[in-house]
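Colleague: Sending over a structure as structure tokens; questions will come in a sec.
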Amino acid sequence: MVGFRAGDVPPTATVKFIGAGTAACIADLFTFPLDTAKVRLQIQGESKIPVNTGHGPVKYRGVFGTISTMVRVEGPRSLYSGLVAGLQRQMSFASVRIGLYDSVKQFYTKGSEHVGIGSRLMAGCTTGAMAVALAQPTDVVKVRFQAQNSAGANKRYHGTMDAYRTIAKEEGFRGLWKGTGPNITRNAIVNCTELVTYDLIKDALLKSSLMTDDLPCHFTSAFGAGFCTTVIASPVDVVKTRYMNSAPGQYCSALNCAVAMLTKEGPKAFYKGFMPSFLRLGSWNVVMFVTYEQLKRAMMAARHNWATPL
């Protein structure tokens, strides 16, 4: 378009909010099987209900071993168990934690052009906590579905709405917000690491003129952010998954869950599912951030075309 480049016009808060939720849903569609494999590996060793596969208590071995076992035993659809709740989660969760990040960052810097790492970290913590408070029930349902053996006769839930109703009925209103504490901790860490690392890598690449503000820069920044996030957030993520999936009374708190893991399974338990976590977060970050950047530009271009008379 002559005289107009979408990248030259800062996207509005609404564009960021809608774009973040949409991009996160697209990323989830591509990477959901890896997330399901991660959940299965993380809860392995704590389940009180043995799965009848004929191979003893250890069912899953590695990322692709987990995926192939699930497909063989439960069918291909099992890899997308909980997808509906996952998409509900991203539309409410990512829209807040990613879409509002720049606005909250500007609030902390009071509009200053210089943005220090402290302001970035505070913005990441704030939007991460806000997103969890809003979207926690969708995360609980998603994890329960992913952990559930689709081939078993005794399914805990038979649909997304059934899961919301059953949890509220059997565990009370608080059951839908189970694990909010560890999830806020996890997402404060994830948000700070993911968004701040993406911010810093992208700024460094642009300031050093190694790359321009385009797809290769977005890809590199997103991949680096995914790796850093996985390394830092994995222990909290494992505790969060175990605690949210636990039966009522199994753990009295998230801390009790962490202590039980350390006592029974050792320190390595906190990095169970690390490879699928990295594959998922790395690929999720790449798809989400690249899509998000392109969506922002496309939406700003469409907005300009709509506002400009022919």
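Including glycine, each Cβ sits where the backbone N, Cα and C put it.
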Colleague: Compare the topological domain names that Swiss-Prot gives for Tyr60 and for Ser209, and report whether both residues sit on the same side of the membrane.
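Modeller: That fails: Swiss-Prot puts them on different sides.
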Colleague: Name the residue range among 24-46, 277-299 that Swiss-Prot annotates as region 'Purine nucleotide binding'.
Modeller: 277-299
Colleague: For the transmembrane segment entry in Swiss-Prot, name the matching range from 216-235, 236-255.
Modeller: 216-235
Colleague: Ranking 11-32, 121-137, 182-198, 216-235, 270-292 by the number of C-beta pairs under 8 Å to the transmembrane segment (79-101), which range is first?
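Modeller: Stretch with the highest Cβ contact count: 11-32.
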Colleague: For the repeat 'Solcar 2' (115-204), what's the mean pLDDT in this predicted model?
Modeller: 87
Colleague: Compare 121-137, 182-198, 216-235, 270-292 by their Cβ pairs under 8 Å to the transmembrane segment (11-32) and return the stretch that comes out on top.
Modeller: 270-292
Colleague: For the transmembrane segment (216-235), give me same-chain residues lying six or more residues beyond its boundaries with a C-beta closer than 8 angstroms to one of its C-beta atoms, as numbers and ranges.
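Modeller: Non-local partners: 186, 189-190, 193-195, 197-198, 201-202, 205-206, 270-271, 273-274, 277-278, 281-286, 288-290, 293.
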